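Asker: Features from Swiss-Prot:
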MOD_RES   LYS33  N6-(pyridoxal phosphate)lysine
ACT_SITE  LYS33  active site, proton acceptor
BINDING   ARG128, MET290  substrate binding site
ACT_SITE  TYR242  active site, proton acceptor
Amino acid sequence: MSTAVLTIDLSALAANWRSLNALSDVETAAVVKANAYGLGVGTAASALAEAGARHFFVAVAEEGVALRQALGAGPQISVFSGHMAGDTALIRDAGLTPMINSIDQMIRHVEALPEHDFGIQLDTGMNRLGMEDGEWRAVREVATQRPPSLVMSHLACADEPSHQMNRQQLDCFVEMTQDITAPRSLAATGGILMGPDYHFDLTRPGIGLYGGLPFVDALPVVQLDVPVIQVRDVHPGETVGYANTWTATAPARIATISAGYADGLIRAMGAKARLHAGDTALPVVGRVSMDLIGVDVTALGSDPDSLQLIGRHQSVDTVAGFADTIGYEILTSLGDRYKRVYTQ
């Protein structure tokens, strides 16, 4: 088989949800946008529901429809992008809860689905999604008559607990939501770890569920093993890959593995990246190609059948570091060509 195998440990995923749930005294939801961070939303969300999650968040309404088909009736599914033009039928038919981000969305929702649940997203300083203070004041009286199912905001710097922006956003959120009776939510994974001041009525862990930072106590959820297509001897002075970026200075044994930037192993990893055969770390040589990567396996006593990129020796965040990026980008980029194997 020439397809890399992405093994997803559902028991670890569920354990991470339970661990994050134990860190607060409030309801713990689960963020499963981007196909559950690339791991397969139907299977992942079902495991999280079995662990106890009853509220899920997705990025767009289409993701919510797919999730509803996987989970069936019952769990609440909230949509971060709110009520976009053209989403009305999806929201209604799949029983989704749009997180209203603007006055225009508020008007659209009330006119199209006057009896349908909605939430509110407020901007407390990130300047991304949500109503600013003036907008919120303009619609607050109307919006809270229902009341909304949830009022939320999102922290910009929760991965840096000491950053002054966290307290600034907390204070802003408290001020903007004074005297409302609706449940409130501010914390994703990083906010959960900053303590009860940030927890309010519901937390929304995402990356921590899948084994990523800043949740350092997370169990690893993914393992990526890539098959070796071919192994060859390379002599001193010979080069490997596009643009001759790596030249052998001694006799070398080079394996070509079946994955590349089309599979989410981004080109920026380059020669910083390492793979493993057992406990032996092996360097990438030459450029990462669309479908192929060269690895120096000279240190091994025999040619390997496969090499491991993500697993017990290096996490998603370690691999992200090879490319000076974040674990989120690597995880959500892991491509459709991988064979996904789920274990319990």
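Just so you know, glycine gets a Cβ as well, placed from its N, Cα and C.
What's the neighbourhood like for these features in this structure?
Answerer: The local packing around LYS33 (N6-(pyridoxal phosphate)lysine), expressed as other Cβ atoms within 10 Å of its Cβ over all shown chains, amounts to 20.
Neighbours of MET290 (substrate binding site), defined as other CB atoms within 10 A of its CB across all chains, total 10.
Close to TYR242 (active site, proton acceptor) in the fold, though at least 6 residues off in sequence, lie GLY286, ARG287, SER289, each with a CB less than 8 Å from its CB.
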Asker: If H, G and I count as helix, E and B as strand, and all else as coil, what does DSSP give for TYR242 (active site, proton acceptor)?
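Answerer: For TYR242 (active site, proton acceptor) - judged by DSSP and reduced to three states - the answer is helix.
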Asker: With every protein chain in view, how many other Cβ atoms are within 10 Å of the Cβ of ARG128 (substrate binding site)?
Answerer: 10
Asker: Any idea what the Cα distance is from MET290 (substrate binding site) over to LYS33 (N6-(pyridoxal phosphate)lysine), rounded to a whole Å?
Answerer: 26
